[in-house]
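Working notes for the structure below.
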Amino acid sequence: MGSTDGKIAIYPGTFDPLTNGHASLIQRGCQIFDHIVVAVANDTPKTPLFTIDERVQMAQEALEGVGSITVEPFSGLLVDYAERRGAGVILRGLRAVSDFEYEFQLALMNRKMKRHIQTVFLMTDYKWLYISSTIIKAAASLGGDIKGLVPDNVYRRLREKYGYPYPLNG
């Protein structure tokens with residue numbers, strides 16, 4: 001068993017892209033934990049729109065000035081990564097009951113592999129319950145208005161990626 005500090009939390013995800021829901025959860029997590037490592041997953045069964053470097057950069061820019069955080073890529077098993085980083089907690093967000101079953105299974109598997117690493121769930125702020133990176137990308141790909149659902153830098157990158165001009169002041 002490795003040495004871990006329960007005051008350091010890992011918040012993992014693909015963040016393809018980071019949404020205001022993610023940012024809100026990280027801000028709230030900063031009120032609970034001394035430090036949060038925003039761990040951007042490199043190994044994902046999904047086909048990301050943005051490269052790992054783009055996702056890390058967008059998250060770093062969007063979260064600048066938000067508490068004590070580090071944004072970095074990770075590969076491999078999450079619990080192994082958490083242990084290497086000295087984190088005693090994996091932070092996860094829940095939007096709906098449908099999220100819970102999957103997240104509960106992951107938490108149990110992680111606990112089986114590394115009993116000393118806990119999973120803590122935070123409910124998503126009600127303003128962001130309906131958004132996900134997948135829904136954001138679907139709307140943006142069709143020119144939908146996603147302003148206010150993602151950080152400004154992410155908004156610009158999505159508009160550029162899909163070839164739509166973005167309003168500078170709207």
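The backbone N, Cα and C atoms fix where each Cβ goes, and this holds for glycine too.
These come from Swiss-Prot:
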BINDING   Thr14, Phe15, His22, Gly93, Leu94, Arg95, Glu103, Trp128, Leu129, Tyr130, Ile131, Ser132, Ser133, Thr134  ATP binding site
BINDING   Thr14, Lys46, Leu78, Arg92  substrate binding site
SITE      His22  site 'Transition state stabilizer'
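Taking the features listed in Swiss-Prot, we show where each one sits on the structure.
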| residue | record | DSSP class |
| --- | --- | --- |
| Thr14 | ATP binding site | coil |
| His22 | ATP binding site | helix |
| Lys46 | substrate binding site | coil |
| Leu78 | substrate binding site | helix |
| Arg92 | substrate binding site | strand |
| Glu103 | ATP binding site | helix |
| Leu129 | ATP binding site | coil |
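Local packing around the binding-site residues His22, Lys46, Arg92 was summarised as the count of other Cβ atoms within 10 Å of each Cβ; on this measure the leading residue is His22. Rounded to a whole number, the distance between the Cα atoms of Arg92 (substrate binding site) and Ile131 (ATP binding site) is 15 Å.
Nothing from the binding-site residues His22, Leu94, Glu103, Leu129, Ser133 places its Cα within 10 Å of the Cα belonging to Lys46 (substrate binding site). When other Cβ atoms within 10 Å of the Cβ of Glu103 (ATP binding site) are tallied across all protein chains shown, the result is 16. Across the residues annotated as binding ATP (Thr14, Phe15, His22, Gly93, Leu94, Arg95, Glu103, Trp128, Leu129, Tyr130, Ile131, Ser132, Ser133, Thr134), the two Cα atoms farthest apart lie 18 Å from each other.
Set side by side, the binding-site residues Thr14, Ser133 differ in how many other CB atoms lie within 10 angstroms of their CB, and the most is found at Ser133. Listed in sequence order, Gly21, Arg95, Ala96 are the same-chain residues six or more apart from Leu129 (ATP binding site) with CB atoms under 8 A from its CB. Cα of Ser133 (ATP binding site) to Cα of Arg92 (substrate binding site): a span of 15 Å. A distance of 13 Å separates the Cα atom of Leu78 (substrate binding site) from that of Glu103 (ATP binding site). Cα of Glu103 (ATP binding site) to Cα of Arg92 (substrate binding site): a span of 8 Å.
Every protein chain shown contributes to the tally, and the Cβ of Leu94 (ATP binding site) ends up with 17 other Cβ atoms within 10 Å.
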